[in-house]
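Copied over from TrEMBL:
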TRANSMEM  7-28  transmembrane segment
TRANSMEM  34-55  transmembrane segment
TRANSMEM  67-86  transmembrane segment
TRANSMEM  148-171  transmembrane segment
DOMAIN    150-279  domain 'Glycosyltransferase RgtA/B/C/D-like'
TRANSMEM  178-197  transmembrane segment
TRANSMEM  233-256  transmembrane segment
TRANSMEM  268-287  transmembrane segment
TRANSMEM  396-419  transmembrane segment
TRANSMEM  431-450  transmembrane segment
């Protein structure tokens, strides 16, 4: 037990240190040419506002407990209606990869030609194509004039369900009712959620799976039954759409193996693994039967392609466009693999250079927009003016969104510091907080190895909200880890 406490203590220091480093690097190089002191001021304002909000929730906590059964569904209903209405009002034309996937789904659902080489090249977009195709066919069957409105229902439902999962997990962590409400409000406050729900790309359509699977795992801890298998199925579905969903699964596995005896963790992990492999196996069968399978050897980008992108310059597609074009044009997976390996070898001296690592950190984490400008590309539209940095109000909204994200990073730093203090005073670690920290850390580590893309933070907003509420509650309420 003493050895485990030492490991957890080192972990808390490491987590707080890494978050602090990321925050300082991001603050001094915030994207869109926002001065550090401006976004720093906004961050301080957010810290004060969120602290005040939590204090107010504590004041009315007894009232929230008394009327919670009415207030919670009412809040979720109003939130869903507002998000749906705003997404319709701010609707933009599909852009970037989302445009390719959405157009492909429309064509596939209605029996017209699909450009299969695109889905063979970017294999990760094929499961999303199948999901959108099914929804478009359903919308046609139900008589919708535009399938956008039915798909938006699912996208909004994923956001609301993510918020509910945050609410429930905060409760399972032993936190107060005020903390539960703070968690769901923190998640609802993410501006990218309001701008991105209408974009049915992998980030949006995988939003709820990781946090939902963890809620099912918590159920599996408490009750026998199929919760573990269900968690594996949910993780498998999420990973088929967006691979980063698996980070939370790895975090849960690590925590379970660290805190339970092997018989206990096998009883949980075996059904989770079975459900996960069941879905991935089914996905493989669907892929093998698709028109893309014939083009896989010639077109699909290998693993080395993504590693090469992340290894040179700031790790983004934009700064490695020439390499990406050459690699994409090459015929055969082996040829692409050799080009990627050569690219890494040619630039290996810069791989761990400090300026490059700082630049990549800023590319990944120095914005709270979480990739919204990638999809808001119709000048003059309401969404463009709000959520594109070239829009009329884009700079102000970017500053608000980034300050909000930085404030949550600071609360995450406090969570690590207070966790370390709790452990050296003889307290015990709480797996829910450790799982959240591991998930956030895992995503950051992944992005420093893989292609750099701020958009990858989008489907981890529920985890950022959890990290924020744990930091706030531990700062203002004290630890519940006894």
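Cβ atoms are placed via backbone N, Cα and C, with glycine included.
Because TrEMBL annotations are produced automatically, they should be read as predictions rather than curated entries.
As the structure is a computational prediction, the values presented were derived from the model and not from experiment.
Remark: the transmembrane segment (67-86) contacts the transmembrane segment (178-197), by the rule of 3 or more CB pairs under 8 A.
Using the rule of three or more Cβ pairs under 8 Å, pairs at least 6 apart in sequence, the transmembrane segment (178-197) is not in contact with the transmembrane segment (431-450). If one looks beyond the transmembrane segment (268-287) by at least 6 residues along the same chain, the residues whose Cβ comes under 8 Å of a Cβ in the stretch are 123, 126-127, 130, 217, 220-221, 226, 228-237, 239-240, 249, 252-253, 256-257, 260, 293. Through the fold, the transmembrane segment (431-450) approaches residues 8, 11-12, 15, 18-19, 22, 169, 172-173, 210, 214, 218, 244, 247-248, 250-252, 254-256, 259, 306-307, 309-310, 315, 357, 360-361, 364-365, 412, 415-416, 419, 456-457, 460, 463-464, 466-467, 470, 481 of its own chain, all at least 6 residues removed from its boundaries and within a Cβ separation under 8 Å. Long-range contacts of the transmembrane segment (7-28) within the same chain: residues 36, 39-40, 43, 258, 358, 361-362, 365-366, 406, 409-410, 412-417, 419-420, 423-424, 429, 434, 437, 440-441, 444, each at least 6 residues beyond the stretch ends and with a Cβ under 8 Å from a Cβ of the stretch. When Cβ-Cβ distances below 8 Å are used as the criterion, the transmembrane segment (396-419) is approached by residues 8, 12-13, 15-17, 19-20, 22-23, 26-27, 30-32, 34, 38-39, 42-43, 45-47, 50, 186, 189-192, 366-370, 386-387, 389, 429, 433, 437, 440, 457, 464-465, 467-472, 474-475, 479, 481 of the same chain, each at least six residues removed from its ends. Note: the domain 'Glycosyltransferase RgtA/B/C/D-like' (150-279) comprises 109 helix, 0 strand, 21 coil (DSSP; helix = H, G, I, strand = E, B).
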